[in-house]
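Per Swiss-Prot, these features apply:
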DISULFID  Cys39-Cys50  disulfide bond
DISULFID  Cys45-Cys61  disulfide bond
DISULFID  Cys49-Cys83  disulfide bond
DISULFID  Cys71-Cys91  disulfide bond
DISULFID  Cys85-Cys107  disulfide bond
SIGNAL    1-23  signal peptide
Amino acid sequence: MMLPQWLLLLFLLFFFLFLLTRGSLSPTKYNLLELKESCIRNQDCETGCCQRAPDNCESHCAEKGSEGSLCQTQVFFGQYRACPCLRNLTCIYSKNEKWLSIAYGRCQKIGRQKLAKKMFF
């Protein structure tokens, strides 16, 4: 007994739609990882920060930096070594840092006037 072609095509279409939506191996925007869960890249986490532990090779979802905490804006293989700052803070680097070295800064709150000065001068 042979299935009609249109029924076979319909079955294949539903099968591929299932694979594209629910059969996905990476988390979707509705299936993001929570804090302290193991992650592979920043996009997997709710916070947007997948941080690699300095003492081992494990990485986990971490909170973004609060005022005074260590921060970094460079991404290494889809992960941070220190999470970037929260939305209302800026990562400020020391002036004596080398350009090519791995630079860590501190999260600080900056007034709008200082930002405007930095942008134009």
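Each Cβ is built from the backbone N, Cα and C atoms, and glycine gets one as well.
Structural mapping of features recorded in Swiss-Prot.
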residue: Cys39; record: disulfide bond; contacts (Cβ under 8 Å, 6+ apart): Leu33, Cys45, Cys50, Ser59, His60, Cys61, Gln79
residue: Cys49; record: disulfide bond; contacts (Cβ under 8 Å, 6+ apart): Asn42, Cys61, Ala62, Glu63, Lys64, Tyr80, Cys83, Pro84
residue: Cys71; record: disulfide bond; contacts (Cβ under 8 Å, 6+ apart): Gly65, Ala82, Cys83, Pro84, Cys85, Cys91, Tyr104, Gly105, Arg106, Cys107
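With a 10 A radius on its CB, Cys107 (disulfide bond) counts 22 other CB atoms from all the protein chains. Taken residue by residue with DSSP, Cys83 (disulfide bond) is part of neither helix nor strand, so it is coil. In this structure, of the disulfide-bonded residues Cys45, Cys83, Cys85, Cys91, the smallest number of CB atoms within 10 A of the CB marks Cys91.
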